[in-house]
Amino acid sequence: MTAYPSWTPAPRPGIIPLQPLTFGTILGRSFSALRHNPKVLLGFAMIVQTLAYLVVTIAISGIAFASFSRLDTVPAGTDEWDAVLTGSITLTALSGLVLGLLAGAVGVLVQAVVISDVLHAAVAEKMTLRMLWRRVRPVAWRLIGYTILLSLAIGVVVIVVGGLIAVLAVAVPAAAVVLGILVILAAIPISLWLAVKLLLVPAVIIVEHTSLGAALSRSWRLSRGRFWVILGILVLVSLVFGVIAQVVSIPFSFLASALSVVIAPTGEESTAAIIGIIATLGLTQIVTLLIQSVAVIVQSTAAGLVYIDCRMRHEGLDLDLLEYVDRRDAGAADLPDPYVVHIGRAIAPRWPAASAQPAPFAPPPGYTITPPPPAQAPPAAPVPPPAPADGPSSAPRTGPDDDQTTWATPR
C-alpha cells in the first residue's frame, strides 16, 4: 500500500451550485431542471393530471345529466319545475366545487414528487418514481389535508366577504360597489403575500416530516429576508405559462373554426362534423394538459430550489450537502440524509459576501501545501573603515609611472 494519497474524481455536478442561489439561478434552473429526469416527472404529472381531469369531467357530467333529466318529469313553467331547475343547478355547481377541490388536493402529490426529485438532483442523484414515492408516501395524506384546508379557508373568506357585499348591495348599492373594488384591490397584495409565505410548506412537510402547524411556522421563518426574490419568481413563472397557454390556444381555436367550415360548409349536422369537432377539442385538451403538467413541474421545482436556498442562507445547508457529496464520491455507504442532519441550525450571516475577504486556499483532502522558505534576516549595517594611526606623515613614494597623469598640472 502506497503512502501517497489516492486520486479521486471530481464530484458530479448537480442541477445547482452548492452555494446560496441568486434570483437568476433559481429562475433559470426552474425551467431547466425538467431535463434532469423528464421521463419520471413529466410522465407522472401527465398521468395524474389526465386521471383527475377524466374523473372530474365524467362525474360532473353524470351528476348534471341525472339532475337535469328530472326536468322532463314535471310540467314546464310550474313552481315545481323551477324548484327542480334550481336544485339541479345548485347540485351540479357544488359537485363541481367538491370534485375540483379533490382534484387539486391530489395534484399536490405531483408537487411532492417533483420537490423530492429536486432534492436529489441538487446532489447529482437521479431517482426512479418508486424511490421518490417512497419518500412522499409517509406524508401524502398530510399534504392532501393541507391543500384541502387551505382551499376551504380561502372559500370561507370569499363566501363571507361576498355575502357581506351582497347584503350591502341590497341596502346601499353604491357603497357595495365601492366596497367590492376596495376588497379586490386589497385581495391582490394579500394573496401574493400569503403565496410567498406559504410556498415552502409542502417542502417542509416532505423533508422534515413536521406537523401542519410546525410547517406553517417554519415556512414563515425560512422565507424571511427573501420575500421579493420569491415573489418575483412566482410572478414571472405564472406570467410565462399564462402567455404560453394563450399563444397555444389561438391556433387551436382557428383550427376548430376551419374544420367546422370545411367539414360542414352548409352548417348541417353530420357525423363527420361532430367527429372533427370532438377530435379538435380532444387535441386542444391534450395540449392544455401538457402545458399544465410542465407548469406544475416548473413551479414545484422553483419551490424546491427556494427551500434549498433559504436553508443554505439560514442554516448552512450547503456545508452539509458538500460534505455528503465528498463522502459519497469517496465511496462511503449508508450516509445520513443531508437535508435532515442539521435542521434548524443557526449560523452567522454569510451572504451577501461582497465585503468579506476571500477564504484562504485549502488543499484537497489528502494533499498538503509546500511550506514557504524561511524568512531571511535583514543585512547587517556596513562597518566603517579603521581610523589611520597617528604619526609623522611620509612623502609618497614615486613610482616609475607616477609622473604621468591624465589631467594637466597647474602652473
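Even glycines carry a Cβ here, placed using N, Cα and C.
Annotation source TrEMBL lists compositional bias 'Pro residues' at 360-389.
According to TrEMBL, the domain 'DUF7847' annotation covers 25-295.
The region 'Disordered' annotation in TrEMBL covers 355-411.
Same-chain residues lying 6+ beyond the ends of the transmembrane segment (40-69) with a Cβ under 8 Å from its Cβ atoms: 34, 87-88, 91-92, 95-96, 99-100, 103, 106-107, 109-110, 113-114, 117, 127-129, 132, 285, 289-290, 292-294, 296-297. According to TrEMBL, the feature transmembrane segment maps to 40-69 (among others).
Under the heading transmembrane segment, TrEMBL lists 89-122 (among others).
As annotated by TrEMBL, transmembrane segment applies to 143-171 (among others).
Residues or ranges marked as transmembrane segment in TrEMBL: 177-207 (among others). Long-range contacts of the transmembrane segment (177-207) within the same chain, counting only residues at least 6 positions beyond its ends with a Cβ under 8 Å from a Cβ of the stretch, are 108, 111-112, 115-116, 119, 135-136, 139, 142-143, 146, 150, 161, 165, 168-169, 214-216, 218-220, 222-223, 227, 230-231, 234-235, 303-304, 306-307, 310, 339-340.
Packing against the transmembrane segment (227-252) from elsewhere in the chain are residues 23, 26-27, 30, 192, 195-196, 199, 280, 283-284, 287-288, 291, 294-295, 298-299, 302, 306: each is 6 or more residues past its ends and has a CB under 8 Å from a CB in it. The feature transmembrane segment is assigned by TrEMBL to 227-252 (among others).
Note on the domain 'DUF7847' (25-295): mean pLDDT across this stretch is 85. Sequence-distant contacts of the transmembrane segment (89-122), counting only residues of its own chain at least 6 positions beyond either end whose CB sits under 8 Å from a CB of the stretch, comprise 14-16, 18, 33, 36-37, 40-41, 44-45, 48-49, 52-53, 55-56, 59-60, 63-64, 67-68, 129, 132-133, 135-136, 139-140, 143-144, 146-148, 151-152, 155, 202-203, 206-207, 293, 296-297, 299-301, 303-305, 307-308, 321, 339.
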